[in-house]
Amino acid sequence: MATLLHRLGRWCAHHRLGVIAIWVAVLAITGTGMATLAKPLSNEFSIPGSRFEQVLDTLQQEIPEAAGTTGTVVFRNDDGFTDEQREAIAGAVQDWEDLDGVTSTDPFEAQAELDSAPQDITDGEAELEDARAQLEDGREQLEQGRADLEDSRDQLASGREQLEAGQAELDEQAATLQQSQEELDAQLQQLEDGVAAGQVPPAAEQQARAEIAAGQEQIDAGRQQLEAGQAQLDEQAQQLEAGEEQLADGEAELEDNAAQLDDAEDDIAQGEEDLAVARRMVDLSDGFRVVNEAGTVALTQVSVADAEGFIPEETTASIQQIGNDLEGDGLSVDFSKEITDDLSSLLGPGEVVGLVVAAVVLIVMLGSLVAAGLPILMALVGVGVGLTGALALSQWVDMQSITPVLALMLGLAVGIDYSLFLINRHRQQVRQGMPLRDSIALAVGTSGNAVTFAGLTVIIALVALTLTGIPFLGVMGIVAAATVAIAVLVAITLTPAMLSLIGDKVLPRRERAGGHRGKHEEDPAEEHADDPGRGWAARVQKHPWLAVVGVLAVVGALAWPTLDLRLGLPDGSSEPAGSTAYTTYDTVRDEFGAGANGPILVVAELDEPLAEGDTALMSAQADLGEELAEVDGVEQVLPAGVNDARDVLAFRLQPEGGPADASTEALVDRLGPAVEQIGEDQGATLGLTGQTVANIDISEQLADALPIYLVVVVGLSLILLLLVFRSILVPLLATGGFLLSVGAAFGAVVGVYQLGFASSFFGVNEAGPILSFLPILLIGILFGLAMDYQLFLVSAMREEKVHGKDARTAVVSGFNHSARVVTAAAIIMISVFAGFVWAHLTMVRPIGLGLAVGVLVDAFLVRMTLTPAVMSLLGERAWWIPRWLDRILPDVDVEGAKLERTLGISHDEQEPGEGTDGDRDADAADREPAQESEPSPSR
C-alpha cells in the first residue's frame, strides 16, 4: 500500500497541472449536477415500513387532506383584533388557499363556530322541547277528534234507525192505501156491473158514486201524505249519506294527522339523538380554541398536500410573504419552524468562525500563509465535491437537512487534518534536504498511508450506520463517509500536486530567505523530541497514577449527566429565542396549551362502512373519540376527516404535554395498547401517526439500535488496533479510552441541551431531549477520529520501540515526535466542530458540541495524558502479543517504515537537495534513491 501511494504521490507531483485540472473538472461536474438535479431537503424523519409510516400511508391514501405537511401561523394584536384586521386575516387565508395544494382556515370563522356550537345545541334542545309539547297537543286534539267522530257516528246510526223506521211506517201506510184503493175499485166495478144489469136504481147509483168519490178523495189525500213523507225521508237519507261522507273524510283526516304526528315524533327523536351526539362531540373538544379568550391571539394551520415531509421553499416563501404583508395592518405575524426552516444554506457565521480559528492555528504552526491556506483549500475542495455530488443525488435519494451539514462538518475537519499531516511530513523532509518531489512522494507513501488508514476507519464507522436498519441514518453515514473518502483522495492526490506547484513556499519565508533548506535542520519543536526528560509525556510519566486518576475524575464528571439521557427529535422549543419559529411555539403553548404544538393523529379503519347520514358518522366519531379521551394524558379529541367509502376515520388528539415532553412520550406508550382495546370494542383497527408519534417511535428504535452499533464499533476498534499495533493491551486501552471520550461527549451534550447547564452561553433556549440519532453519530464519528489520534501518537511510540528504545523512553520520544501535529490537528477539529455549536440549524448544534468535547477529551485527556500514563505503568507488557497471533496477523505498516527501508532513506544520512526551484526539484525527484540505509523514525 505504501509503495502504491509513493508512486501515486510522485505521479501527482509530476503531473500537477493535470491533477488540478481533473479536480476542477470534477467539482464543476458535481456542481452542475447539484444545480440541475438537487431537490429540497427535509427536516422530517421517518422509517419506511414502521407502524406509524403504514398508518400515515393509509391516511394519505384515504384522507389526503388530513395527511399534508402542516405549519402554524400565529396572529397577534395585544389590543384585540379590529374588524378590518379580521377581514385582512380572512383575505390572507384565502390567498394561501389560492396557492397550489395549500389549505387553511379563517380562525375567526372557526372560533365563531366553536363558540356557537354549545348554544346552538341548547337552542336546538329548546326547539325540540317546544316541538315535543306541540306534538302532545296534537295528540290530544287527535284523540278529541276521534271522540267527536265517534259521537257523530253514533248520531248517524241513530238517524239511520229513525229513517228506516219512518220508511217502514210509510210502506205500511202505502200498503193500507193500496188495499183501500183495491176495495174502492172493487166497489166501483160492482156498481158498474149492477147499473149495467139494471139492478141499481138511479138514486142508489148516485149515492154509491158519491160515496166512492169521497173514498177516492181520502185515498188520494193519503197518497199525497205518503209522498210528502217519502220525500221527507229521502231528504233525511241524503243528509245521512252526507254525514257518513263527512265522517269518512274526518276519519281520513284524523289518520293523516296521526301519521303526521308519528312522523313528527320520529323527527323529534332523531333530532334528540343528533343533538345528543353533537353534545358529545362538543364535550370532546371542550377547551379547544383557535382564538384565545382575550381575543388578542389567533392561529391557523396551513397544510400543504403531497409535501413529502416538507413544505417546498417557494411555497414557504409565498406563505411568509402573504403573512408579513399583514404587518402593515398593525398585526404581528409569526410562523412555525415547518414554514421558516431555511435549508438552502449550509455555512453560517459560527462555521466561518471555526474555519478562521483553524486558519490561525495553521498559520501559527506552519509559519506560512501559503502553507496554512493549503489544508483549508484542500478541505474546501473535498467538501465541495462531496456535498455537491450528494445534493445532486438527492434527486433520487431522500435526504434530511442535517445530512449535508454532517458531511460538511466532517469533511472540513478531516480534510484539514489529513492534508496537514502530509504537509507537516513534507516540510520536515524538505528541511532535512530531501528533493521536493522525492519528499512529496515519500510523504504520500508514509503519512498518506496513515491518512488512508485513518480515513478508512472513519469511513467504516460511518458506513456501519447502515446496520441500524434506519434508512435516513444510513444515508447520513454514506454521504458523510463518501465525503471523508473524497477528503482522503484529495489529500493523497491534489495535496501533492499543490505542494509541487507551490514549491519551497511550503516553508516559512525566513527559512527560504535564509537558505536553510537542505541543511539538515530540525524543526524547533523537534529539537528535544528524543530527550526522555522533556515534554508533557515525561511529566505524565513522573506521576502516572495521578494522571490516570485525574483523567478518570474529569471524564467521569463530564460523563455523569449521561445517566439522565433522554432521546427525542427537535421541535419549536429548540429554536433560537426571538426567532419567529420559537415565538410561534411559545405563543401556541401559552395561549392554546402545550399539546397544540404536537397533536397526535389516530386513524381508525372500520370493519364495516358507516350508514349514510351525519348521525351515523357523528355517532361513530363520538364513540371512538370518547374512548380515546378516557386515556390519561389526552386533553382533547377532534374529528379530522372521513374517507369517501366511510370506513376510515381520522382523529386529532391534543396531549396535555408538549411534543418533546416526557408525559407525551408516556401517553404514546399508553395509547399503543389502548387503541388495540378500543378497536376490539368498536369493531375497528386503530393506529397512531403524526410527527409527534414518529419522533417518539424513531427515538425508541434508535435507542434500541444503539447498543448493537456500539458493540460493532468497539469490536471493529479492537480488530483494527490489533492489526496496527500488534498488541493485546494497546487496543484494549485505546477502546477503553474511546468509550471514555464518548461518555464525556454524551455528558456534555446532556448537561447543556437536556439539563440546561450554561444554556445561555450555548444559545439553548429551552432544555429538552437529545437528538435521537446523536448518540449513534457521535459513536461512529468519534470512533474514527479517536483512532486517528491513537494511530498518529501510539504508532510513533511503537516505531521508537521497534528501533530499540525501551518502553518508557519510546512512549516519551514517540509522543514528542507526534504531539505537535496531533495537537494542531485536534485544535483545528475542535475549532471546526465548535463553530457548528452556533449553527443556524439548531439540530446541528448538539452534534457540534458533542464532537468538539469528544475530540477535546479524546485528544488531550485520553490520548495525550491517559494513554502515556497507562503505557508507562504497563511498560514492556503494553506490547505483548501471543507469538501465534503475531505470526498470523498481516503487517499493515501504517507509518511506511518498510517503504523507507526499501528506498534506503535515513534521516541522518540524507544529502541536501539542489535548491528549491521547481525544475531542479523535478529532475532530482525523477531519480529514485538506490542506496538502502538504516531505517529511521517516521516523524
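Using N, Cα and C of the backbone, Cβ positions are placed for all residues, glycine too.
Taken straight from TrEMBL:
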- 17-38: transmembrane segment (TRANSMEM)
- 121-194: coiled coil (COILED)
- 223-281: coiled coil (COILED)
- 352-370: transmembrane segment (TRANSMEM)
- 369-501: domain 'SSD' (DOMAIN)
- 377-396: transmembrane segment (TRANSMEM)
- 402-421: transmembrane segment (TRANSMEM)
- 442-467: transmembrane segment (TRANSMEM)
- 473-502: transmembrane segment (TRANSMEM)
- 512-533: region 'Disordered' (REGION)
- 544-563: transmembrane segment (TRANSMEM)
- 706-725: transmembrane segment (TRANSMEM)
- 732-753: transmembrane segment (TRANSMEM)
- 773-797: transmembrane segment (TRANSMEM)
- 818-841: transmembrane segment (TRANSMEM)
- 847-874: transmembrane segment (TRANSMEM)
- 901-939: region 'Disordered' (REGION)
- 901-910: compositional bias 'Basic and acidic residues' (COMPBIAS)
- 917-930: compositional bias 'Basic and acidic residues' (COMPBIAS)
**Q.** Recorded stretch, among 352-370, 473-502, 544-563, 732-753, 847-874, maximising Cβ pairs under 8 Å relative to the transmembrane segment (402-421)
**A.** 473-502
Q. Are the transmembrane segment (773-797) and the transmembrane segment (473-502) near each other by the rule of at least 3 C-beta pairs under 8 angstroms (pairs 6 or more apart)?
A. yes
Q. Given the transmembrane segment (544-563), which of the listed stretches 17-38, 377-396, 442-467, 706-725, 847-874 has the most Cβ pairs that are under 8 Å apart from it?
A. 847-874
Q: Run the contact check on the transmembrane segment (352-370) against the transmembrane segment (442-467): 3 or more C-beta pairs under 8 Å, excluding pairs closer than 6 in sequence.
A: no
Q | Whether the transmembrane segment (706-725) meets the transmembrane segment (847-874): three or more C-beta pairs under 8 angstroms | A | no
Q | Integer mean pLDDT for the coiled coil (223-281) | A | 87
**Q.** Which of 17-38, 442-467, 732-753, 773-797 contacts the transmembrane segment (847-874) most, counting Cβ pairs under 8 Å
**A.** 732-753
Q. Cβ under 8 Å to the transmembrane segment (442-467), counting only same-chain residues 6 or more beyond its ends: which ones?
A. 1-3, 5-6, 8-10, 12, 410, 414, 418, 421-426, 429, 434, 473-474, 476-478, 480-481, 484-485, 487-488, 491-492, 495-496, 499, 705, 708-709, 712-713, 716, 720, 724, 776-777, 779-781, 783-785, 787-788, 791-792, 795, 892-896, 899-900, 903, 905, 938
Q. Counting only residues 6+ away from its ends, which parts of the chain sit with a Cβ under 8 Å from the transmembrane segment (773-797)?
A. 406, 410, 413-414, 417, 421, 450, 453-454, 457-462, 464-465, 468, 470, 473, 476-477, 480, 484, 565, 567, 702, 705-706, 709-710, 713, 716-717, 720-721, 724-725, 730, 734, 737-738, 741-742, 745-746, 749, 810-811, 813-815, 817-819, 821-822, 825-826, 829, 846-847, 850-851, 854-855, 858-859, 862-864, 867, 871, 894-895, 937-939
